[in-house]
Amino acid sequence: MQNLWWKANKKRLLIGIFVLAAAGAGGYYFYSKSMATSAEPQPSVQVERRDISSVVAATGTIQPVNMVDISSKITAQIKEVKVKENERVTTGQVLVVLEDTGLQAQVTQAKEKLDNAAVKYQRTVRLNAIGGSSNEALDNASMDYNIAKANYTEVISKLNDTVIAAPIDGIVIGKPLSAGELVAQGVNNPTVILTVADMSTMQIAADVDQTDIGKIQLDQQVVFTVDAYPGKEFTGTVTTISRKPTVSQNVTYYPVTIDVNNAENLLNPGMVARVSVTISQSQNVLTLPLAAIRTDKTGKYVVVIGANGQTGNVAITTGNTGDDRVEITSGLNEGDKVVVAQPKTQSQAGGAQQGSRQGVGGGRRMF
């Protein structure tokens with residue numbers, strides 16, 4: 001009877017045993033994989049001593065402190081341009097000569113009128129002295145002489161204006177106009193013939209974010225770089241802090257002027273300067289990467305890895321903040337191992353949110 005039952009159920013029993021064995025093996029596999037995953041080491045760094053600086057960054061455009069557009073006081077054609085682009089000039093050096101043919105004729109005519117008026121006035125003075133002419137005639141002769149003299153002086157001034165000299169020492173910036181071109185006088189919009197700039201001292205007009213402007217002070221030293229000279233640092237001094245704001249893309253900035261000694265003659269007008277102003281410095285202090293610092297409603301903390309591999313939260317205070325590191329002023333010692341936060345995937349973020357909800361009400365674990 002037993003043999004008959006065994007024969008009838010042998011196949012079912014063997015299948016059941018196989019299924020149970022497979023399920024057990026699969027469970028062990030997934031359990032082992034889960035344990036291996038949870039045991040993977042977390043990215044970490046050690047607390048290190050370094051120098052760290054708190055810096056305000058800004059960008060600005062470089063321009064010469066003293067740059068003069070050379071224009072004409074009269075309307076005339078250019079007869080000759082005596083300088084070329086990039087040529088160095090000195091104060092008083094002749095730069096441009098304008099056509100003066102018409103003015104020469106006007107000078108000759110004005111001189112004749114002045115001479116005649118002078119002769120007439122002197123004769124009238126002598127006659128008036130002996131009663132040969134009236135006081136009215138003397139006044140008229142005096143007025144004619146003064147008018148002729150003023151006209152002559154004006155024409156001479158225009159003739160002198162046909163020769164244009166450099167008002168400052170400097171370099172010719174850009175290509176000057178050419179001979180034969182007509183230049184117009186004007187107070188508001190005169191024709192610019194050429195530009196001379198004193199390149200020895202330059203200025204940076206930098207825009208500083210309103211959140212940082214309170215940290216900037218007059219006579220503060222700055223460091224800046226330009227794309228033309230990778231790796232080279234230049235220095236300057238803050239000379240002006242404007243109180244008039246500018247707004248760009250809904251961000252408020254304040255213009256700051258920085259003077260720069262261009263003794264090496266490397267800086268050119270229009271270059272973009274990337275400015276760094278060091279606000280405070282700490283030397284040989286405990287530091288961590290910014291990615292290691294965490295914050296909650298009670299303050300800043302880090303996740304420290306103990307000697308046994310366990311982790312715990314430790315409250316800290318911080319000092320100066322640099323580009324990628326922060327000074328640790330309390331809570332840690334040199335060599336402490338700290339977990340570095342990694343960017344979370346969407347699924348990890350969801351799990352973290354669920355875990356944080358489960359942990360509400362618990363305090364930090366200190367060790």
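Heads up, the Cβ atoms here are built off N, Cα and C, so glycines get one too.
Summarising the annotation, TrEMBL assigns compositional bias 'Low complexity' to 346-357. The feature compositional bias 'Gly residues' is assigned by TrEMBL to 358-367. If you look up TrEMBL, you'll see 67-187 marked as domain 'CzcB-like barrel-sandwich hybrid'. The domain 'YknX-like beta-barrel' annotation in TrEMBL covers 202-276. The domain 'Multidrug resistance protein MdtA-like C-terminal permuted SH3' annotation in TrEMBL covers 284-341. What TrEMBL lists as region 'Disordered' is 343-367. The transmembrane segment annotation in TrEMBL covers 12-31.
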Averaged over the whole of the domain 'CzcB-like barrel-sandwich hybrid' (67-187), what is the pLDDT?
93
Counting each residue once, how many in the domain 'CzcB-like barrel-sandwich hybrid' (67-187) are helix, strand and coil under DSSP?
55 helix, 27 strand, 39 coil
